[in-house]
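Visitor: What follows is a structure written as structure tokens; I'll ask about it next.
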């Protein structure tokens with residue numbers, strides 16, 4: 001796992017997804033060296049960088065050109081990227097041109113979540129996996145409901161990570177924002 005502190009970050013681009021959350025996403029995805037992964041809403045590229053080390057191909061999509069730039073910088077910093085394609089476009093537009101995917105991770109949908117999930121469903125390989133991360137309650141509900149309509153059996157977990165800061169007289173736990181991880185396998 002890459003260390004959160006090693007990522008290049010900017011104020012204008014969210015991320016990276018915290019290390020513990022990336023670890024859960026990797027576990028839930030059951031990624032193999034033969035998998036083709038799509039990362040929708042790549043932000044600073046935390047998910048992209050982790051999958052680039054483990055999958056055959058990663059396609060990373062973001063509407064924000066700064067996000068694509070920071071993701072590229074992080075890939076270069078970690079000597080990754082030979083198997084990564086970066087696309088600066090909306091998720092729904094970019095996904096229409098991708099024909100093969102085993103794993104789709106949606107970390108940012110730009111209010112297009114239902115459309116994005118429909119397109120992913122139509123292109124996801126048999127036994128493919130979908131993972132949606134969400135901090136907004138509305139996004140969690142929207143993802144669950146849409147996946148159910150698409151005949152998936154989604155599972156949801158909400159993760160609250162706290163990290164300790166060592167002080168002179170003890171350890172203080174500092175909480176991160178809770179995040180939901182919604183996962184579903186194609187039947």
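Every residue, even glycine, has its Cβ placed from backbone N, Cα and C.
OK, Swiss-Prot features for this one:
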BINDING   17, 41, 42, 43, 44, 45, 62, 91  S-adenosyl-L-methionine binding site
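How buried are these features, and what lies next to them?
Guide: Reduced to three states, the DSSP call for residue 62 (S-adenosyl-L-methionine binding site) is strand. For residue 62 (S-adenosyl-L-methionine binding site), the same-chain residues 6+ apart in sequence whose C-beta sits under 8 angstroms from its C-beta are 41, 42, 43, 68, 71, 87, 88, 108.
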Visitor: For residue 45 (S-adenosyl-L-methionine binding site), which DSSP three-state class applies?
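Guide: In the DSSP reduction, residue 45 (S-adenosyl-L-methionine binding site) maps to coil.
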Visitor: By Cβ count within 10 Å, point out the most packed of the binding-site residues listed: 41, 43, 45, 91.
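Guide: Max Cβ neighbours within 10 Å, all protein chains included: 45.
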